[in-house]
Amino acid sequence: MEIKSAEFVISNTDVRKCPEGNKPEYAFIGRSNVGKSSLINMLTNKKGLAMTSQTPGKTLLINHFLINNEWYLVDLPGYGFAQRGKENREQLKRIIENYILDREQLTNLFVLLDCRHEAQKIDLEFMEWLGESGVPFSIIFTKIDKISKGRLKENLKVYTDKLLETWEELPPIFLSSSEKKEGRDEILDYIESINNSLNN
C-alpha cells in the first residue's frame, strides 16, 4: 500500500465524538513507551504526525488520522503507566474500553509489544480480554533493531509459547523497527488486504 495522504482529524476522550461514517478503523495500542507514536509516524512517512514524547503516558486521547481518504489510523492512549493516579487510570480504562467495545468501525486492533522485554502480565491479560470480547487484533513487536537476532528469536518463542497456553492459535504477528522502517510494508499490506476483503 502506498500512503498518499495522512491527515489529523480529531482528538477526543468520548467514543461518541469519533468521526461519523463507515470508513474502517485500525487502532494502535500498547503500554507506555512501547514506541507507538514512532511506529505511526514511520507507517505514514510523516515524522511529526503522531506526537512522540520522552514522558511515558503522555497520550491521553483517542486520535484519528485519515489515510488516503479511505481509512482511519487511530492512536489510542497507552495503558499500564504506574505513576498515574487511580482516578486517572480508571478514566483511561473507560476511554479505551468504550472505544474498543462500542466503536463499530474498529476493524483491527494492533497491540504493540516491546520485543526487548519478557511477556508482561498486563499485556497477556489485555489480549485475553480482547479474545473474550471477540475483538479482532494483531500483535506488533516493536524495537527489533535494539536487540540481537538470537535474543529476538528467543524472546518471541517465550512470548508465543505463553500465548499458546491459553490460545488455540496465534493472531497475526508483525516485527517492526521504526528507525529502520522494518515491518512497514507487511503491516500496510495487511491493512490493505483487509480493506480489499471489505470492499468485495
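Using N, Cα and C of the backbone, Cβ positions are placed for all residues, glycine too.
So that you can see what the record holds, here are the features copied from Swiss-Prot:
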type: BINDING; residues: 30-37, 57-61, 75-78, 142-145, 173-178; note: GTP binding site
type: BINDING; residues: Ser37, Thr59; note: Mg(2+) binding site
type: DOMAIN; residues: 22-197; note: domain 'EngB-type G'
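Positions of Swiss-Prot features highlighted on the structure.
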{"residue": "Gly30", "record": "GTP binding site", "DSSP (3 states)": "strand"}
{"residue": "Ser37", "record": "Mg(2+) binding site", "DSSP (3 states)": "helix"}
{"residue": "Leu61", "record": "GTP binding site", "DSSP (3 states)": "coil"}
{"residue": "Gly78", "record": "GTP binding site", "DSSP (3 states)": "coil"}
{"residue": "Asp145", "record": "GTP binding site", "DSSP (3 states)": "helix"}
{"residue": "Ser176", "record": "GTP binding site", "DSSP (3 states)": "coil"}
Over the domain 'EngB-type G' (22-197), what does the predicted model average in pLDDT?
89
Could you check the binding-site residues Ser37, Ser176 and say which one's CB has the most other CB atoms within 10 Å?
Ser176
For the binding-site residues listed here, Val34, Leu61, which shows the highest count of neighbouring CB atoms within 10 A?
Val34
Please report the Cα separation of Ser176 (GTP binding site) and Ser37 (Mg(2+) binding site) in Å, rounded to an integer.
13
Give the number of CB atoms, excluding that of Asp145 (GTP binding site) itself, located within 10 Å of its CB.
13
